[in-house]
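Visitor: Please find one structure pasted underneath; my questions will follow.
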10 protein chains.
Amino acid sequence: MKDLSTPDYLTKEDVTALIIAAKKTSGLSWEAIATAINMSPVWTHSACMGMNAMPSDKAQALVTTLDLPAEAVAVLEESPTKIWDQTVPTDPCIYRLYEIVGVYGPTIKALIHEEFGDGIMSAIDFNMEVTRVQHEKGDRVKIEMSGKYLAYNAW
Amino acid sequence: MKDLSTPDYLTKEDVTALIIAAKKTSGLSWEAIATAINMSPVWTHSACMGMNAMPSDKAQALVTTLDLPAEAVAVLEESPTKIWDQTVPTDPCIYRLYEIVGVYGPTIKALIHEEFGDGIMSAIDFNMEVTRVQHEKGDRVKIEMSGKYLAYNAW
Amino acid sequence: MKDLSTPDYLTKEDVTALIIAAKKTSGLSWEAIATAINMSPVWTHSACMGMNAMPSDKAQALVTTLDLPAEAVAVLEESPTKIWDQTVPTDPCIYRLYEIVGVYGPTIKALIHEEFGDGIMSAIDFNMEVTRVQHEKGDRVKIEMSGKYLAYNAW
Amino acid sequence: MKDLSTPDYLTKEDVTALIIAAKKTSGLSWEAIATAINMSPVWTHSACMGMNAMPSDKAQALVTTLDLPAEAVAVLEESPTKIWDQTVPTDPCIYRLYEIVGVYGPTIKALIHEEFGDGIMSAIDFNMEVTRVQHEKGDRVKIEMSGKYLAYNAW
Amino acid sequence: MKDLSTPDYLTKEDVTALIIAAKKTSGLSWEAIATAINMSPVWTHSACMGMNAMPSDKAQALVTTLDLPAEAVAVLEESPTKIWDQTVPTDPCIYRLYEIVGVYGPTIKALIHEEFGDGIMSAIDFNMEVTRVQHEKGDRVKIEMSGKYLAYNAW
Amino acid sequence: MKDLSTPDYLTKEDVTALIIAAKKTSGLSWEAIATAINMSPVWTHSACMGMNAMPSDKAQALVTTLDLPAEAVAVLEESPTKIWDQTVPTDPCIYRLYEIVGVYGPTIKALIHEEFGDGIMSAIDFNMEVTRVQHEKGDRVKIEMSGKYLAYNAW
Amino acid sequence: MKDLSTPDYLTKEDVTALIIAAKKTSGLSWEAIATAINMSPVWTHSACMGMNAMPSDKAQALVTTLDLPAEAVAVLEESPTKIWDQTVPTDPCIYRLYEIVGVYGPTIKALIHEEFGDGIMSAIDFNMEVTRVQHEKGDRVKIEMSGKYLAYNAW
Amino acid sequence: MKDLSTPDYLTKEDVTALIIAAKKTSGLSWEAIATAINMSPVWTHSACMGMNAMPSDKAQALVTTLDLPAEAVAVLEESPTKIWDQTVPTDPCIYRLYEIVGVYGPTIKALIHEEFGDGIMSAIDFNMEVTRVQHEKGDRVKIEMSGKYLAYNAW
Amino acid sequence: MKDLSTPDYLTKEDVTALIIAAKKTSGLSWEAIATAINMSPVWTHSACMGMNAMPSDKAQALVTTLDLPAEAVAVLEESPTKIWDQTVPTDPCIYRLYEIVGVYGPTIKALIHEEFGDGIMSAIDFNMEVTRVQHEKGDRVKIEMSGKYLAYNAW
Amino acid sequence: MKDLSTPDYLTKEDVTALIIAAKKTSGLSWEAIATAINMSPVWTHSACMGMNAMPSDKAQALVTTLDLPAEAVAVLEESPTKIWDQTVPTDPCIYRLYEIVGVYGPTIKALIHEEFGDGIMSAIDFNMEVTRVQHEKGDRVKIEMSGKYLAYNAW
C-alpha cells in the first residue's frame, strides 16, 4: 500500500538536476544555453534553478537544447515557490550582495524617494544583467538591475 | 565624579542628525549636496548616514555646504563601523533588494564563475549609481553596481 | 558643544505621539478623523502611525482637524521607513493574521497562479477595508484587501 | 525486526502527493475540484494541502473526483497539525501577505477595538475568498477574509 | 519646539508602575485587591500588568481601592497590545509552563480532537484560576484553565 | 561492512509509529487505550508519543492491548529525551497554549509567590487532566494542571 | 501630570548597584560578605545580583554589613524574575559552562537515569560551591552542584 | 558510477549505534562498561556518544568488552567534531543544567575572579563526576566539575 | 520515469567522502597529501573539504595521489558554494576562533584603520598557515593569516 | 529616595569613553599608546575597549599617558565581562574574520588534530599581532595568533 505514496512525477528539483547533468554532458555554458533559447543568461539560469517559470516556447526550446525528457516541459512552466534556506547567505560571492543591501539599502531608498516619490523598485517587473567590464586595474563585475517604480497607494 | 563619564565629543550619529537638520533647513536635495561636493549621490548619502568615511576635502566641502560645526570634519573622516540592525530588512523598498539577493544570488554567482573564474565581486572596491529611466509603461529604477573582480587565492 | 548633537526637529514618532494625545483630547474616533480628511480609516490610521506618507493636502487637513503644530505637515509628508520589531507578532489580534498567512499563504499563492498566471498581489498598489458584518451567531470582522496583480518578467 | 518500524499507513503528506499527481493527470483546476465537491476553492486547496480536515462526505467526494485510493478518505478526515517551516516566508507572493500584516496589523487591531471593543477576529471560525477584479489599469487580486469577532473575557 | 514631542498622557506602563507603588504602600495582596474590585486574582493581576482591559466600573473600583490618580481610569479601560519579550521565558517559574506546552501540547491537541472534533480551546473566551492544594507530601499548585471550544469552519 | 552500521533495534519513534498504526487498526480511542491500561488519557497519550517512560506493567499492558511486538515493552520503559522542534508552535491548538503562557505567565508567577513564597510549580512531579465541560453558550475545554510546589533553597 | 508615572521605589537593579558601590567602598570580598551574613559565597553573590530572594534576617544582615539604606531590606526579600539576555553567553568564563552542558548534558542525563530512574536533578532545591583546589600542574577550579532528584510522575 | 560516492567506512555515528545495540544485548550498565575499561562513567559515556576521543588501549578495551567489530577501534580514536543541535536544550534534565548556567554563570565568574584572578575554568583540561548522595528528604544528584584555572595573557 | 530524476554525477560531497576514505586507506596525513600536490596543508585540506576550487593540475595530482576515480578531477575544479551550518560553531576548537573574532574583531579593525586607512583585510586574496611552535611551558599553535589590504572606494 | 539608586562610580564603558576622548585630544595613535605603556598594540587597544583587564602598573601607566582621572586605574584592573552584541558581525572588516572562521575553521581543527592530537588552541593563554607587510601587488595585512595547545583530558 505504501507504494501509493510516491507518485511518479518530476519536481522542479528533479528537472534542475537533469539540467545540471545535461549541461555537464553537453559542455554548454549558461551563456550558450541562454542564446539557444533566445533569453538572457540571468533569467535562463534562474529559471533552470527553479526560481522562475518558463513560457511554454522557452521550456520547449530548453528541452530540445539540452535533450531533456519531454515531461520536463510542463514542470519548467510551473510557477515556482521561491525558497532560500539561509537568512544570511554564507557563500562569499552571495554574502557581498547581502552586505551591499545592508550598507546601501537606506541610501537606495532615500534616492528613490527623492527622485520618484513614496514608492519602491519592483522585484517582480524586474530584470538584471551581469557583465564583465575591462579595467586596467583589474576587470570589474557590473550588475545592472532595472525594476518598475511602484508608487504607494493612498485611499 | 560621574560627570567624567560623558566626554564632550561628537559621534557619527550626532553628525548624521546635524546633516539631516541642516538639509531640512537648507532645502537641498541629496543630489544637490552631492553636486556641491562633487561626488555621486549614492556615496554622498551613504557617507552622510555614517556608512562611509569622507576624504578630508570632501568632509570640509560638506561642512561648508551645509554650514555644519567645524568639529564635524574630523568625525566625517573617521572610519565607520557599519552596523545594521535588521538581519532581514522590513521596509518594503529595502526588502525587495534583499529578495533579489535571495532569488538571484546563486545566479549572479554562477555567471561570475562562468565569466571570470573562481572569485567574487568586491563590495569594497565598489561603486553604485541609482537613476530614473523613462518608460512608456511606467518609469523604472535602474541600479548599476560595479565591483572589482577578486580571484580566490590558491597557495 | 554636545548641544549641537540634538537638533530641534520633529520625527515621525513625535508626530504620532502628538496625534494620539490630540485624539484623546478631542474624543474623535479614527473613523471620524478619516472622514474629516476624506480618506479611509485604514489608510488614515496607518499614516498617523507613521507607516504611510500623506499627500500635502491630507497632511494639512489632519493638522487642522487635530489642531497639531504646523511643523507636523512636512513630517506627515515624509516617506516612512516601515519597521516592525516582532518577526512573529505576539498580540493575539495581530498574531491571528500572521497565522492566517502561515496556514493559507500557499493556498492564496496557488489560486493567484491558477487565475492570473505567474505573479503576485502587490502590497504597494494596495488598499484594504475593515468592516463589521452583522451575523446572528455573532458579528464578524470583514477584511477586504485589493492589490494589483503583478506578473513576473521574463527577459 | 526493523521492518516492524515502518507500518503501512498513509500520512497527510502522502495524500497531498497523491492529489497533486491526480490533479496533473486529470487536468482539473483547483476551482473545478472545488466545484466538484461543492466547496470553496480556498478551503478545498487548503484541505488538499493537509492544512484543514475534511468532513466525511467531502473527503469521499474528493476521492471520487480524483480517483484516489479509498484509504485516503480517513486521512482527509483527520485533524491536521498545521506546521509551516519559514517564520518569515521567502516566496514573494506569500511574503507580501506577511508584509501586509507587519505594516497594517496594528491598524486592523485599532479599528477592531474601535468598532467592536476589546477582542479579535477569529482565525478558526473563519473563511476567505480570493477573486479577480477587472481594472482598467491592470486587474486586481481581491482577498476577503471573514472571521467571527471574539470578545476577551473578564472574570 | 522639541517640547511638542512629549505630550503629557499616561501609558499602560505608567499605570502599572503606579499600581505597584500603591500596592507596596497599601500592603494589600493581589488577592485582596481582586476581592476589593470583585474579580478573580488572575484577571485582576493581569489587567494591572496591562495585559487585559478593565470594564469601566472595575477600573473605577481599582482607582478607588489603590488611591490612584483619576486619569488612570481611562488608561485601564484601553485595549492593551500584548507583548512579551522572551520567545522562550527564562524565569524558572514561567519556563516550567513553557516546558509543559512543549511536552504536553500535542497530547492536549489529540485529546481535544478526540473529544470535540477538529478545533481548539479559545485563549480569548478564556479564564483561569490558580489555587493551593494541600498535600501530605508537599502542597501543590493547581492551575485550572477553561476556554470555549472553537470548531474550525469548512466553507 | 556498512551493514554493521544499522543495528536492528526499535527506537521510541518506531514504537510510536507502531502504536498509531495499531490504534487505527483497532479503532480504539486514546481514552479507551488509557482505560485499558488503567492510567489517565493525558499520560497515556504522552507516553505513547515517546514523551514519558512507562512503568513495566503499563508497558506490558499497552503491548497486550494494541497487540504490539514484545520488543516494544523495553522501549516503552526507556527514559525519553524530550525534544520539540518548534520554539514557537505553529499549530493553532498548541499555539493558544503558548500564548496563554506569554500573557498569563507573569501572573501565575506572582500568585504563586504570594500564596506559597519564593518557588515554582514543578513540571516533573506533575499531572494534568483535559475534560469537556458543557456550557449553554458552547462547551468548554477544561485543563487542570497540578504540580508540586518547590521552594528555592538558600544555603 | 507625567510626574505621576515615576513612582519612588527601589528596584532589584537599584539595590544591586548600591551593593556593588558599597562593596567597592568597603573593600570587602564576596567571601567576606558571605561570612558576615553566615551564608555561602555562591548564594550570597547570586542574591546580591538579584537572582535569588533573601530571607528577612539575611537581608537585614546584608544591609547592616554594607551600610545600605533600610529600604533595601524589603527589596532583597522580593522574589526575583530571573532573566538573562544572552541565549548563548559570550563571556569566555561563562561560555565554558554552556559548552560543558552542550558536550556533557546527554551524559549527565544518561547517568542520572541509570542511577536513579526516570527523573531529573532539581535546579530549585539546589546548591552549589566553587572552590580552589591546589594542583602541581596548576590549580583547579572545583564546582560542586547538588540538587534533589525529582522523579517523573505517572498518573 | 554513483556507487563511487558512498565509500564503505564507519562513522562516529555508526559506532555509537553499534555501542547502544551491544549495550542492550549485553545488559551492561554504563558504570559496568566504564569499570571494564577502567575509566570513569562520565568520560566513558561521552566517548561512546562520540563526544570524546579514546586513547588506543581504551578503544581496544571497549571493542573487546562490547564485542564490537575491529574497525570500530580506529573510529573511537578519532577526534570528534562536537556538535549539538539545540542552542537551548529542551529535555528537562538537560535544560535544568542550562538554567543553572543562566542563573549562576555570573556568580561562578565573579568567584573565580575573586579567588584566582582574571581567568577561567578550562573545559578542556576538565573532568566531572556524577554521584548519588543519600538524603533523608530525598536523595540528591551530585555533580562535581574540575577544570584547570587558565589565566588570561597580557602581552 | 522517476529514475530520470537522479542523474549520475558526482557532487563535491561525494568527492570529499571519497578523499576521506582514500586517506584512511592510504594512511597519508594532510601534510603528506599537501606535499604530494605541492601546495600548503591549509589550502589542500580546504579544497578537499569542498571549500576551495582546485586548479586543473592540482586536481589531477590529487586524483593520482589518492587513486581517486578520474571523474573527480572536474568536480575538484568546480567553484564551491561555501556553506556552513552553524552560525555559532559548537566544536570547542572552532568556537575558540569565533570567540577570538568576537573579542578582538574591533581591535583588529581599529589597527587596520590606523595603519592602512579605511579598508579591510581581504578574505579572498588570502592565505593562512598553521604551525606548531615549541615552548617550554607547553607547545603553542601558531596561525598566520595574510590578506590583501582593500581600500574602500569613494566615488 | 530614588537618588540612592545611581551610585557614583565609573564603569568600564565610562573609562573607554574617557580614553577615546583623551586619545582624540592627545592625538596619540594606538601604537603610540601601546609603546608608552610598553605593551603590544592589540592587547592595549583591547584592554582600552574594556575587553581585557590591565595589570596594576599598566593601568597606572595608561592613566598617566592619557591624563585620565585617578579613579580609572581600579576600573582598568577589573575583570571584564566580554560581551558582543552581533552573533554575526556586520562590519565588513570584522565580518571577513567571521567568514574565515566559517570557511577555514574545520581545516584549522583538522591540522591541529594531525599535528598535536585531540585538543584545541587556547583563546585565553593567547596573543596576537597585526602588522603591515609590503607587497608589490598591494600591501597585505598579516595577523599572527599564538595560543597554547590544550589537550583534552581523559579520566
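Yeah, the Cβs are placed from backbone N, Cα and C, and that goes for glycine too.
Quantities reported herein were computed from a predicted structural model and do not represent experimental measurements.
Grabbed the feature section from TrEMBL, which reads as follows:
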| type | residues | note |
| --- | --- | --- |
| ACT_SITE | I:ARG96 | active site |
| ACT_SITE | I:GLU99 | active site |
| ACT_SITE | I:SER122 | active site |
| DOMAIN | I:83-155 | domain 'Cyanate lyase C-terminal' |
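If you look at the structure here, what lies around each of the features I listed?
Guide: Secondary structure at I:ARG96 (active site), taken from DSSP and collapsed to helix, strand or coil, is helix.
Here the Cβ of I:SER122 (active site) has 22 other Cβ atoms within 10 Å, regardless of which shown protein chain they belong to.
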Visitor: Distance between I:GLU99 (active site) and I:SER122 (active site) at the Cα atoms, whole Å?
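Guide: Rounded to the nearest whole number, the Cα-Cα distance is 20 Å.
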Visitor: As a test of reading the model: what is the averaged pLDDT for the domain 'Cyanate lyase C-terminal' (I:83-155)?
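Guide: Per the prediction, mean pLDDT sits at 97 for the domain 'Cyanate lyase C-terminal' (I:83-155).
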Visitor: Pick out which of the active-site residues I:ARG96, I:GLU99 has the most other Cβ atoms within 10 Å of its own Cβ.
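Guide: Answer by Cβ density within 10 Å: I:ARG96.
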Visitor: Using the alpha carbons only, what distance in Å do you get between I:SER122 (active site) and I:ARG96 (active site) once rounded?
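Guide: Computed Cα spacing between I:SER122 (active site) and I:ARG96 (active site) is 21 Å.
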Visitor: Could you check the active-site residues I:ARG96, I:GLU99, I:SER122 and tell me which sit with their Cβ under 8 Å of a chain B Cβ?
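Guide: Only I:SER122 pass the 8 Å Cβ test.
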Visitor: Under the DSSP assignment, what numbers of helix, strand and coil residues are found in the domain 'Cyanate lyase C-terminal' (I:83-155)?
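Guide: So the counts come to 24 helix, 27 strand, 22 coil.
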Visitor: Can you list which of the active-site residues I:ARG96, I:GLU99, I:SER122 come closer than 8 Å to chain G, going by CB to CB distance?
Guide: I:GLU99
